[in-house]
Amino acid sequence: MASATVTKTNIGVYTNPKHDLWIADSSPTAEDINAGKGLKAGEVTIEVRSTGICGSDVHFWHAGCIGPMIVTGDHVLGHESAGQVLAVAPDVTHLKVGDRVAVEPNVICNACEPCLTGRYNGCVNVAFLSTPPVDGLLRRYVNHPAVWCHKIGDMSYEDGAMLEPLSVTLAAIERSGLRLGDPLLITGAGPIGLISLLSARAAGACPIVITDIDEGRLAFAKSLVPEVRTYKVEIGKSAEECADGIINALNDGQGSGPDALRPKLALECTGVESSVNSAIWSVKFGGKVFVIGVGKNEMTIPFMRLSTQEIDLQYQYRYCNTWPRAIRLIQNGVIDLSKLVTHRYSLENALQAFETASNPKTGAIKVQIMSSEEDVKAATAGQKY
């Protein structure tokens, strides 16, 4: 087994059913890595250099569950990661020590019907990192199947950690059937909404209108894509009233009458019932509302609006077969996600990172946790590390 010597203690970021958040020792230990213990066939050991905090990480911490996925014990968070290969099992031939990789955070069975038909995101036996009871990637070192470690070449680890949320939006673009010139609504200007904006712009959608309740996030969207049109959602307005404002914004302030252009597609990135309903009332006859955001178990939606307007309501679950494309898009400059990382912290300061990510007043878009203060300083200075 090929391996590098490690000297730092492996620590991880944990939560539990009591909603505590703390840093503690994790596995594999530095001693095990140096002794070549614990690495299974087909696996590599990775030093995790950057990990983004996802809204689901904050939700597992604060709420203890997402639907049926429940935190039942001490649980390591994090699933948006990139790092460097430290050790390689003898049967792994396509990776070597020192390779820079992004970690696709799933382990599938390769035996069920979804796996055998190429839709492995539906694997009935999947172990998805950071989804209870499977520990996540917010650790200094982690063992992971080599087949789910994608080479990123000279891409920064910061960009490598953005490949996971980019994969979410690429799955949405593909499944939704977005085409060149399609008028588009994006509801929610959080990280997924903003990455959807960049992805949809690259895919040729126009015009695009994006909504949010936060004026600052809409301004951020405008700084990313100056031609995007924005609509600030006012709390208390009905879905129909919001739809009128959205259509007016899509038409550059020229009104929302019967002849106004309506979105052919809405990418719903909030999972909030009122936002889903606003999207349903906004799209054209024969349009589609594609739900990316994760919401509550049950919602009330305007069924007859969907029925009489032949509006399709469609969803996605994670992603599959998207990572190679995501890597190419970033490497070739088609999509630039670098501006979305607004805050960076070392692993030792991960608790502060979570406080920043969970507080709307900080203005954070994407918070990343890096393996060392040196990495934080390099990334903040715009240096590739």
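Every residue, even glycine, has its Cβ placed from backbone N, Cα and C.
NAD(+) is bound by P191, I192, D212, R217, Q316, Y317, R318 in Swiss-Prot, and the record lists one more residue there from I235, I246, I247, I292, which is I292. Among E158, E164, E174, only E164 appears in Swiss-Prot as part of the Zn(2+) 1 site alongside C54, H79, E80. With the fewest other Cβ atoms inside 10 Å of its Cβ, the least crowded of the binding-site residues C115, C123, I192 in this structure is C115. In the three-state DSSP scheme, I192 (NAD(+) binding site) falls into the helix class. The binding-site residues near P191 (NAD(+) binding site), taking a 10 angstroms Cα-Cα threshold over the set C54, C109, C123, are C54.
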